[in-house]
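Feature annotation from TrEMBL assigns active site, proton acceptor to HIS81. The Ca(2+) 1 binding site annotation in TrEMBL covers ASP82, VAL85, GLY87, ASP89, SER91, GLU104. Per TrEMBL, substrate binding site is recorded for PRO178. Among the features that TrEMBL reports, heme b binding site is placed at HIS208. TrEMBL lists THR209, ASP235, THR238, ASP243 with the feature Ca(2+) 2 binding site. Marked as disulfide bond by TrEMBL: CYS50-CYS131, CYS83-CYS88, CYS137-CYS315, CYS215-CYS222. Sequence annotations record features per position, and here TrEMBL assigns domain 'Plant heme peroxidase family profile' to 40-319. What TrEMBL lists as signal peptide is 1-24. TrEMBL lists ARG77 with the feature site 'Transition state stabilizer'.
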Amino acid sequence: MAASSCFPLAARCSLLLTAALVLALSLGAHGHAGADAGAGLSSSFYDDSCPGAGDIVRRVIQKARIADARIPASLIRLHFHDCFVQGCDGSLLLDNDLPAIMTEKEVPANDRSARGFKVVDNIKRVLEKACPGIVSCADILALASEISVELAGGPRWSVLLGRRDGTTTNIESANNLPSPFDSLEMLQEKFKNLGLDDTDLVALQGAHTFGRAQCQFTQRNCSAGQDEETLVNLDTVTPDVFDNKYYGNLLRGRAPLPSDQVMLSDPVAAATTARIVRRFSESQKDFFKNFAASMIKMGNISPLTGRAGEIRNNCRRVNRKPY
């Protein structure tokens, strides 16, 4: 809810000054997603202050994925789980610093499953050498997501930048992240609360076309004798490639995560998400186009811009604390 208020101005203040004040307050507001939620963001934000930012992020990810093929999927998941909790402000990256900061990393949706934090640390370290105090951790997650998808064979899009980092976490909101066991109606409600519709839901769930999940979160659960953290390919056909095979798996009832399969099997799916699943299964081009659009839309959820927040020197700590 982007609510901005303006104290009464003295009569001598001009209409021009009044308009400027309202604009400044509006740009600094920290609201929910909406048509103007990303108004303070720009694809050219670092063109002058850190023109090599994207290339630095790309080099670090390319190196990391050689050692760990899961890294691209892990990085995009960090961006999702960050944006879904009080907006795209890098709050997920903060470590415990009690009593002021309680980390979101330990809520059920992230504990022992959210990963890639060291890669983010490496990206930040290189960026701080090249452009000290310029690139936010929240923007690192946005850039890393696009580059990760692109490197895995997925679509490219122009990443809007200019987010600043938050200085708080939100455990209550983090405890309400989308779950692998949510019903379709619950998923729709959680997405709608952030300004995301059914097309966004089906498109963004398509990120499960690459990466792994622990078997404890799958429909068939773990096989006899399997540790609950045993990894299962989310896409059994092309597990490390970003393509539309995921939707074909859904149509054949082979989606490992229950929260994916409900987009076809849930009673309300026929009138809402099922047709979108079929559309994306028939056209990778259509899926790619909508995925890119939905990523931009998700990245516009409640960004901190202007003088709000800060640019963290260390993604794990707010700047007022030693590290």
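Note that Cβ sites are derived from N, Cα and C of the backbone, with glycine treated the same way.
Since the structure is predicted, the reported quantities are computational estimates derived from the model, not experimental observations.
Shown on the structure are the features that TrEMBL records.
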| residue | record | Cβ contacts under 8 Å, 6 or more apart |
| --- | --- | --- |
| CYS50 | disulfide bond | LEU127, ALA130, CYS131, ILE134, VAL135 |
| ARG77 | site 'Transition state stabilizer' | ALA114, GLY116, ALA207, GLY211 |
| CYS83 | disulfide bond | LEU194, MET298, GLY299, ILE301 |
| VAL85 | Ca(2+) 1 binding site | SER91, LEU92, GLU104, THR169, ASN170, SER173, ALA174, LEU177 |
| CYS137 | disulfide bond | GLY90, LEU93, VAL120, LYS124, ASP165, ARG312, CYS315 |
| HIS208 | heme b binding site | LEU234, ASP235, TYR246, ALA255, LEU257, ASP260 |
| THR209 | Ca(2+) 2 binding site | LEU234, ASP235, THR238, VAL241, PHE242, ASP243, ASN244, LYS245, TYR246 |
Environment of THR209, ASP235, THR238, ASP243, the listed Ca(2+) 2 site - residues of the same chain whose CB lies within 8 A of the CB centroid: PHE210, VAL237, PRO239, VAL241, PHE242, ASN244, LYS245, TYR246
Long-range Cβ environment of ASP82 (Ca(2+) 1 binding site), under 8 Å and at least 6 residues apart: CYS88, ASP89, GLY90, SER91, LEU92, LEU93, ALA138, LEU141
Across the domain 'Plant heme peroxidase family profile' (40-319), average pLDDT on the 0 to 100 scale: 95
Chain-internal residues, separated by at least six, CB under 8 A from PRO178 (substrate binding site): PHE84, ALA109, LEU187, LYS190, PHE191, SER259
Listed binding-site residues (GLU104, ASP243), ranked by Cβ neighbours within 10 Å, top entry: GLU104
Least Cβ-crowded entry, counting other Cβ within 10 Å, from the binding-site residues listed as SER91, THR238: THR238
Cβ atoms near CYS88 (disulfide bond) (within 10 Å, other residues, all chains): 31
Candidates ASP89, ASP235: member of the binding-site residues with the richest Cβ shell (10 Å): ASP89
GLY87 (Ca(2+) 1 binding site) and the residue listed as 'active site, proton acceptor', Cα-Cα, nearest whole angstrom: 9
